[in-house]
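Some notes on the structure that comes next.
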Amino acid sequence: MESHKDRTESMHLILRVMQLFGLWPWSLREGEQWTISGFVKRNYRFLLHLPITFTFIGLMWLEAFISSNLEQAGQVLYMSITEMALVVKILSIWHHRSEAWQLMQELKHGPDYQLRGKEELDFWRREQRYFKWFFYIYILISLGVVYSACAGVLFLKEYELPFAYYVPFEWRNEKGYWFAYGYDMAGMTLTCISNITLDTLGCYFLFHISLLYRLLGLRLRALNNIKDEACFGRELRCIFRLHQSMRRLTVICQKIVSPYILSQIILSALIICFSGYRLQHVGIRDNPGQFVAMLQFLSVMILQIYLPCYYGNEITVHAHQLTNEVYHTNWLQCGVPIRKLLNAYMEHLKRPVTIRAGNFFAVGLPIFVKTINNAYSFFALLLNSTDRLSAINFLIVVQRWTGLIKWKSEQGGGLLSWIMRIYPFVLHLPLTFTYIALMWYEAITSADFEEAGQVLYMSITELALVTKLLNIWYRRDKAAHFLDELQNDAAYSLRNSEEIQFWQRNQKDFQRIFYGFIGGSLFVAVMGYVSVFFQEEYELPFAYYVPFEWRNEERYMYAWGYNVVAMTLCCLSNSLLDTLGCYFMFQIASLFRLMSLRLQALQDVPEQQAKPELHRLFRMHAKVRRLTRECELLVSPYVLSQVVLSAFIICFSAYRLVHMGFKQRPGLFLTTVQFVAVMIVQIFLPCYYGNELTFHANALTNSVFGTNWLEYSVGTRKLLNCYMEFLKRPVKVRAGVFFEIGLPIFVKTINNAYSFFALLLKISK
C-alpha cells in the first residue's frame, strides 16, 4: 500500500512557503494555545500583511486616484487591479482556512482515496510530478517579472520605481530613492509570492479532484476483468461510495476556490487591458527592462486565468467521461439487479459536475475565451483616442526614416534637430534626384526612339515621384498638423464598441491593401534586380546613364549596386507617398461614414437626446469639411501629376513589352508586366478613395432622412432642413482645377493610355 504523503506530495513545499507568508495555518502543539509562540502563530498573518501587503496596495490605489491623466494612471492601474484580486484571495483563504486545511488533510489521509495497485500509484505519482514542475516554473516566471522590473529601473538615467505607488516623501534623490525602492521590492515580492501560491493552491484542489475522477474511471474500466458477479457488485458499490465522497469534496472545493476565481476572472479583463495600454506607452528603447517585464507580466496574467479554467474544465470533462466508462464495463454478463444499479448510476451521471464561480458562471475554457474577448474590447475602447491611425503607424515611422515627413523633434535648436531637418536632402539628393537626372539624360541621349522607350517608361514614373517629393516637403508642416489632428483631436473620438470595431475593421482593410501594394511594388524592383543575372550580356535592371564603362566584370557591380540602392529608395518613396495621400482621403471618408453611423443611431432616440447629438454632428461636419479642403491641398499636386503622367507611363511600358519579347528577355519581360500591373493599381487607388470620400459625404442625406425626424418639433426639423440644404453641395476632392478625383478619371486615364499606345505602334511601323 502507498504512503499517505504521496497523495499530496506536489504541494509540500508550496504549503511550507504559504505558512511562512501567512497564508496557511500553523500547527499548534498541545498546550501551545495560550503561549507567546501560539499567539504569534495565530496572528502572524496580520503582523506580516497589514504593514506590507495591504499598506502597499493602498498606496498603489492612492497613486492611481491622484494621477493627473489616464496615461499616468495606466502605469499603476494594471498592477493595482491585480493586487485587488489578491486582497480577495487573501481574505477568502483566511475566512476558509479551516475548511481548506481539513480538505487538504482529507485528500492526504482520507482512507476512501487510497491507491490500490502499482498502476494507480504510477499514474498518481506521474500526474503529481507534472503538476509540481509546471507550477514551479510558473512561480519562477512570475518572480522573474518582479525582479526584471526591479533590475530594469536601475539602468535608467532618471530615478524611477519598478512598480509605481504613492510615496509620502521626496524620493527622487540618491538618499530617499533606496528607501522607496526597498519597500517597493519587499511589498511586490510578498504580494507576488502570495498571489502565485494562492493560485497554485486553488488549482491544486481542482487538479486533485479531477485526478480522483480519472481514478474512478480507471476503476470502472478495471471492472472488465472481473467475471464473478458478486465480486463485480461489491466493487461497484465501493465505486458508488467513492463517487459520493468525491461529489462532497467537489462542493467543498467550489466553496473554497469560488471567490478567488470569481474575482480573478472579473478583474482579469481590466488587468490585461491596462497592461496592453501600458505596453503602448512604454517604449522598448526608452525603458527596455520595464518593457520586457510588462510582456512577461501580460503572459503570466493570461496564464493565471487560464490555469483555473483549465483545471475546472478537467473536472467537468473527466466526470462526464464516467458515463462512457460505465457503458464499457462487463454489464452484459451481469444479472438484472446489477444492471439496475448501473442504470441508476448512469442516470445520476447525467447531472453535470461543474465548478461554479459564485452563481454566475461555470469555470472552464469557454469563460477563459470570453475573458480574453472582454479584455480586447476594453483595450480597444481605451485606445479609441490614441490609435486612430493604426493602419499607418508603422508606415509613418518608415516615412520619417526615408525623409518624406518631418520628425516630431525637428523644432529644437540643437545639433540633432539640425541633422533631422537636413536629413531628407542628404538622403535624396545623391540618390533619388541624381538617379532620376541620369535616367532622363540616358533617355535624351538615346540614339533612336526604341532605345529611348526602354528607359522613358521609368523616367516618367520617377518624374511623378519628384512632384510628390517636392509637394510633401513644401507642405511638410501641414501634413504633420493634419496627421496630428486626425490622431488627437477629441472631436473625432470613438464613443462605443460598435464605432471602435467599425474603425478598426476599416483600418485593417486599408492596412492589408497597402501592405500588399507596397510589397508588390518592391517585388517588381527585386525581380528586376535579379533577372539581369540570367542575361548573357551585361545589362542593368533599370537603365540610366553611367559615366564610366560598366560592361565588364570589374565595374558592372558598381553600376548595378547604385541602381539597386537608388531604385529601392525611389520605389519605397513612391509607394509610401501614394499610401499617405490615399490614407488622407480614406480617413476623411471614414469620418463621413462615422457621422452616418451616428445619424442612423438616432432612429429611435427621442428629441431631448437627439438634439444635442445633432449639434455635435453639425460641428463635427464643419471640421471634416475643413479637413477635406486641407486634404485636397495636400494630395492635389500628387494626384494631378500621377494621373497626367500615368497614361504615358503605361503607354511606354506596353511599347517596351511589344519590342522586348518574352523569349529574348523572360526576366525583364515579367518584371515589366508586373510594373504595368502596379502602375494601374497606383492610379486606381487614389481615384477609388477620392470616389469613396465623395460617395459617403453625399450619403449623409439618406442618413439624415433615416432619423426619427417625424417625432421632432418644428425647430429641430428646421435645423435638419438647413443641414440637408447644406448637404446638397457635393463634397469633391479636385486635382488642381482640372478634374475631380474619382473612378471616372481612372477610366479616362486607361482610355488615354490605350490611345497613346495605339498611336505609338502606328508611328513605329
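Cβ atoms here come from the backbone N, Cα and C positions, even for glycine.
Because TrEMBL annotations are produced automatically, they should be read as predictions rather than curated entries.
Here's what TrEMBL has on this protein:
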type	residues	note
TRANSMEM	46-64	transmembrane segment
TRANSMEM	76-94	transmembrane segment
TRANSMEM	133-156	transmembrane segment
TRANSMEM	185-213	transmembrane segment
TRANSMEM	256-279	transmembrane segment
TRANSMEM	291-311	transmembrane segment
TRANSMEM	418-443	transmembrane segment
TRANSMEM	513-534	transmembrane segment
TRANSMEM	560-586	transmembrane segment
TRANSMEM	633-655	transmembrane segment
TRANSMEM	667-689	transmembrane segment
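Packing against the transmembrane segment (256-279) from elsewhere in the chain are residues 74-75, 77-78, 81-82, 84-85, 88-89, 92-93, 96, 99-100, 103, 198, 202, 205-206, 291, 294-295, 297-298, 301-302, 304-305, 308-309, 312, 355-358, 360-361, 363, 367, 371-372, 374-375, 378-379, 382-383: each is 6 or more residues past its ends and has a CB under 8 Å from a CB in it.
If you look at the transmembrane segment (513-534), the same-chain residues 6 or more away from its ends with a CB under 8 A from one of its CBs are 391-392, 395, 540-542, 560, 563-564, 567-568, 571-572, 574-576, 578-579, 582-583, 665-668, 670-671, 674-675, 677-678, 681-682, 685.
Counting Cβ pairs under 8 Å that are 6 or more residues apart, the transmembrane segment (76-94) and the transmembrane segment (46-64) reach 3 or more and are in contact. Within its own chain, the transmembrane segment (560-586) is flanked in space by residues 391-392, 395, 398-399, 402, 404-405, 427-428, 431-432, 434-436, 461-462, 464-465, 468-469, 472, 479, 482, 506, 510, 514, 517-518, 521-522, 524-525, 528-529, 532, 540-542, 544, 631, 634-635, 638-639, 642, 682, 685-686, 689-690, 692-693, 733, 741, which lie at least six positions past its ends and keep a Cβ under 8 Å from the stretch. With Cβ pairs under 8 Å as the measure, the transmembrane segment (185-213) is packed most heavily against 46-64, out of 46-64, 291-311, 633-655.
If you count C-beta pairs under 8 angstroms between the transmembrane segment (291-311) and each of 46-64, 133-156, 633-655, the highest count goes to 133-156. Sequence-distant contacts of the transmembrane segment (133-156) (same chain, six or more residues past either end, CB-CB distance under 8 Å): 10, 14, 162-163, 181, 184-185, 188-189, 192-193, 195-197, 199-200, 203-204, 287-290, 292-293, 296-297, 299-300, 303, 307.
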